[in-house]
Amino acid sequence: ASFGEAPPGNPKAGEKIFKTKCAQCHTVDKGAGHKEGPNLNGLFGRQSGTTAGYSYSNANKNMAVTWGENTLYDYLLNPKKYIPGTKMVFPGLKKPQERADLIAYLKEATA
């Protein structure tokens, strides 16, 4: 199923998902440094593997995907399938509602 078929996202629920499943490796704060994973500020509309100052896998650099609702929805289902060779160890979010919530949060928090 595509993002177009996803349930409406709830940013508050997405923030909880981010804090429990993403924040150990990522931040969304403008100007903050990278953690284990890259800072996600400015994520929407950015090409994969291009955040300055972060050492990406060749897989992320070569994928050249532009991050948006549709690409994130597919990526977050199964990151290692979407970008084979990615360094991201997160197994993904199988529930469409959780992916929609996280994307709704990221859209607000990374702008």
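Cβ atoms are placed via backbone N, Cα and C, with glycine included.
Positions annotated as heme c binding site by Swiss-Prot: Cys22, Cys25, His26, Met88. The 10 Å shell around the Cβ of Cys25 (heme c binding site) contains 15 further Cβ atoms across the protein chains shown.
The annotation N-acetylalanine is assigned in Swiss-Prot to Ala1. If you draw a 10 Å sphere around the CB of Ala1 (N-acetylalanine), it holds 10 other CB atoms from the protein chains shown.
Annotation source Swiss-Prot lists N6,N6,N6-trimethyllysine at Lys80 (among others). Taking Cβ-Cβ distances under 8 Å and a sequence gap of 6 or more within the same chain, the neighbours of Lys80 (N6,N6,N6-trimethyllysine) are Thr86, Met88, Pro91, Gly92.
Residues or ranges marked as N6,N6,N6-trimethyllysine in Swiss-Prot (evidence: a curator's inference): Lys94 (among others). All protein chains shown were included, and the count of other CB atoms within 10 Å of the CB of Lys94 (N6,N6,N6-trimethyllysine) stands at 10.
In space, Lys94 is the closest of the recorded positions Cys22, Cys25, His26, Lys94 to Ala1 (N-acetylalanine), judged by Cα positions. Within the same chain, residues at least six positions away from Cys22 (heme c binding site) with a Cβ under 8 Å of its Cβ are Phe90, Leu102. Its own atom aside, the Cβ of Met88 (heme c binding site) has 20 Cβ atoms within 10 angstroms in the protein chains shown.
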